[in-house]
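Per TrEMBL, these features apply:
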ACT_SITE  Glu413  active site, proton acceptor
BINDING   Thr152, Gly191  FAD binding site
DOMAIN    20-146  domain 'Acyl-coenzyme A oxidase N-terminal'
DOMAIN    267-428  domain 'Acyl-CoA oxidase C-alpha1'
DOMAIN    465-644  domain 'Acyl-CoA oxidase C-terminal'
Amino acid sequence: MPANTMNEDLKRERQRCSFDPKELTYLLDGGEEKTEERRQREKFFLDDPELSETAPSDYLSHKEKYEHAVKKACIVFKKVQQLQAQGKAGMQNFREVLGGQLGSAILRDGNPLGLHYVMFIPTIMGQGTIEQQAEWISKAWNLEIIGTYAQTELGHGTFIRGLETTATYDPATEEFVLNSPTLTSYKWWPGGLGHTANYAVVVAQLYSQGICHGIHPFIVQLRDEETHLPMPGFENVRIPWNYMLMKNGKVLKDGSYVKSPSSKLTYGTMIFVRVVIVQDAANYLRKAVTIATRYSAVRHQSHIKESAPEPQILDFVTQQHKLFPQLATYFALHYSGAWLWDMYNNVTSELESGELDRLPELHALACCLKAVSAADAAQGIETCRLACGGHGYMSCSSLPITYGLVTAMVTYEGENTVLLLQTARYLMKAWQNCLDGQPLTPSVQYLNSVRRSFGGVYHKSVPWIIASMQRIAAGKIETAHRHMNDKIKRGVNSEDAWNETSIELVAASEAHCKAFIVETYYNSVQQIVPSVSQQLGKALTELCELYAVNTLLKNIGDLLRYSNVTTGDLENLQRWLEELLAAIRPNAVGIVDGFDINDAIIASPLGAYDGNVYERLFAEVSKSPLNAKPVNESFHKYLKPLLKSKM
Ligand SMILES: CC(C)(COP(=O)(O)OP(=O)(O)OC[C@H]1O[C@@H](n2cnc3c(N)ncnc32)[C@H](O)[C@@H]1OP(=O)(O)O)[C@@H](O)C(=O)NCCC(=O)NCCSC(=O)CCCC(=O)O
Ligand SMILES: Cc1cc2nc3c(=O)[nH]c(=O)nc-3n(C[C@H](O)[C@H](O)[C@H](O)COP(=O)(O)OP(=O)(O)OC[C@H]3O[C@@H](n4cnc5c(N)ncnc54)[C@H](O)[C@@H]3O)c2cc1C
């Protein structure tokens with residue numbers, strides 16, 4: 001590849017950008033110093049020859065992929081320890097390097113130590129007593145043991161009250177006896193459980209004094225610490241009394257059970273991971289949209305005017321409509337994720353002091369935000385892939401693998417529909433409170449004001465859109481609530497009525513979440529704009545407007561049903577959408593440059609900073625072992641005899 005050449009289209013795009021992309025980078029990182037630290041950290045990992053790929057992992061067998069991943073995860077761990085010794089890494093960096101965007105570049109096919117950091121350590125921190133934390137955290141932190149989170153079973157993932165694994169307390173020996181007696185009670189899915197972990201937090205039904213107390217977490221050794229051979233199977237495995245994580249519910253040595261202040265505190269790790277997923281989903285989307293935007297600036301195809309040369313495909317307005325909303329969605333999820341992270345930290349410290357009041361609202365928001373961010377990021381990444389035509393289909397484009405990673409988020413840590421129904425439960429109660437004149441929590445306050453006014457004259461502003469989306473959400477919540485109660489009045493029992501209304505309940509939950517995202521995004525941008533340059537402020541505002549307009553236009557049916565919008569208003573909205581796409585067009589490459597994603601993390605010939613798409617694509621396919629020889633052996637073995645026999 002010619003050294004140091006920059007694609008001419010990208011050069012021009014960079015000259016056209018109205019703001020300095022560095023300013024956006026510093027804004028997203030939290031300051032110039034933070035950007036420098038991040039870049040240094042990335043360099044420290046990505047420049048290590050032991051970590052850079054010699055050949056793409058696509059050409060390795062399943063076994064080789066696993067072995068490479070373990071090798072790399074160990075190198076990464078040692079490097080994180082080095083950083084830690086220099087005071088340059090904390091828990092957050094462990095997650096970033098081992099599980100986040102940087103991790104996904106080094107460990108493309110998944111990280112065998114991921115669950116150790118994302119769930120095992122956080123569960124001990126959230127569910128263990130101070131003594132248990134002292135015993136286990138440093139061992140886990142220093143990787144003297146490797147853990148995972150074993151909750152899901154072959155028979156149950158969603159309905160965790162239905163888990164079959166039992167932990168029965170034996171006061172005679174002061175031990176718990178763990179048992180997975182059936183095929184469906186096998187622990188199934190936990191990351192790293194197969195070959196990597198030697199310990200796990202196992203979630204099991206607690207029995208003591210003959211009574212079942214519901215599910216609780218236990219630390220169980222899975223493999224010998226020296227030989228790594230599996231411990232004898234999951235039948236009557238005995239673990240010491242203090243291996244039950246007892247910060248919340250506990251069993252005293254005599255077998256009496258002391259209830260947790262809330263049985264739902266056992267579900268705390270799941271809230272934590274749901275909060276983290278919102279940020280991860282945003283980051284993967286940002287990577288995909290960087291690839292598709294740069295590619296679309298380099299790729300020329302077809303005609304807009306017959307007399308002119310073939311345009312950059314980014315000039316097709318339909319292409320802009322595919323990509324720019326994804327740019328905006330990144331920001332929307334980023335700011336909503338940051339908001340949720342703050343709320344999570346505040347509520348967690350309230351829980352530490354025994355205050356449980358805000359837990360239901362946190363749960364309701366974490367559930368719907370996890371569901372909507374996973375679904376929207378997955379769909380956005382797929383849109384980016386399709387926007388790159390045939391080259392997006394190639395696995396070296398990194399788009400298929402990114403989609404694969406993000407679509408899994410729809411299922412794990414609470415399947416999306418199930419989580420939206422959890423939020424709906426909260427919304428139904430909120431609506432009832434609203435009808436009864438009871439106080440409402442901040443995230444559902446809007447129900448009161450929307451109930452009073454069902455109208456609102458169109459004006460070209462995000463606040464009007466927020467009000468419209470809240471009207472849609474409130475309308476859907478009211479409809480679902482009414483339909484459910486109508487059924488109950490007709491004699492349907494409340495559980496059946498819930499199931500029969502669940503399509504509308506899920507829709508209400510989604511609408512509530514979208515209204516929340518638009519409002520949070522808008523408030524964040526309003527706060528930021530005064531502190532950045534006028535040009536960047538304008539670009540950020542345009543993206544926020546685009547997110548708002550586009551989201552509303554995707555829900556025209558709902559808007560017509562739940563507000564007094566006119567067809568003229570809809571035409572105005574469509575015009576506004578088109579104006580915004582045109583306004584964002586000159587800044588598109590500058591915005592993705594501002595994300596400042598290292599080429600090694602982008603890992604796609606379509607999305608590199610220099611835009612040498614075709615040279616990089618060619619170099620990539622040359623790495624295929626199939627291209628090493630002109631004739632493959634299978635020709636002589638199979639094709640040739642077949643061809644001969646037909647002669
Ligand atoms: C679906 C539910 C929520 C249902 O639970 P349930 O006990 O049957 O509850 P219910 O009767 O419907 O509701 C009872 C009540 O409990 C509340 N609640 C439910 N969850 C929480 C929570 N986390 N925090 C705080 N409160 C919670 C609900 O809101 C209900 O409250 P309410 O009675 O209405 O006042 C639950 O079972 C669940 O969370 N299922 C999903 C399982 C899951 O997330 N598994 C994760 C496995 S680990 C994994 O996937 C790792 C992947 C990570 C990776 O690979 O990186
Ligand atoms: C990549 C990946 C990694 C994972 N890692 C882990 C891990 O480390 N540890 C761990 O313990 N687990 C892990 N899991 C398991 C994961 O948490 C479960 O798959 C998830 O909770 C969904 O449960 P399920 O598979 O039983 O689906 P099911 O609950 O059987 O869902 C199947 C369908 O039934 C519907 N459904 C189920 N219940 C309801 C309901 N109440 N209302 C309406 N519809 C319903 C769902 O919407 C869905 O359409 C992982 C899963 C994946 C895919």
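Keep in mind that glycine also has a Cβ here, set from the backbone N, Cα and C atoms.
TrEMBL annotations: computationally assigned, not manually curated.
Between the CA atoms of Thr152 (FAD binding site) and the residue listed as 'active site, proton acceptor' there is a gap of 10 Å. Using a 10 Å radius centred on the Cβ of Gly191 (FAD binding site) and all shown protein chains, the other Cβ atoms total 22. Taking CA atoms as the reference points, Gly191 (FAD binding site) and the residue listed as 'active site, proton acceptor' are 12 Å apart. Here the domain 'Acyl-coenzyme A oxidase N-terminal' (20-146) is broken down by DSSP into helix, strand and coil counts: 91 helix, 0 strand, 36 coil. When each of the recorded positions Thr152, Glu413 is scored by how many other Cβ atoms sit within 10 Å of its Cβ, Thr152 comes out lowest.
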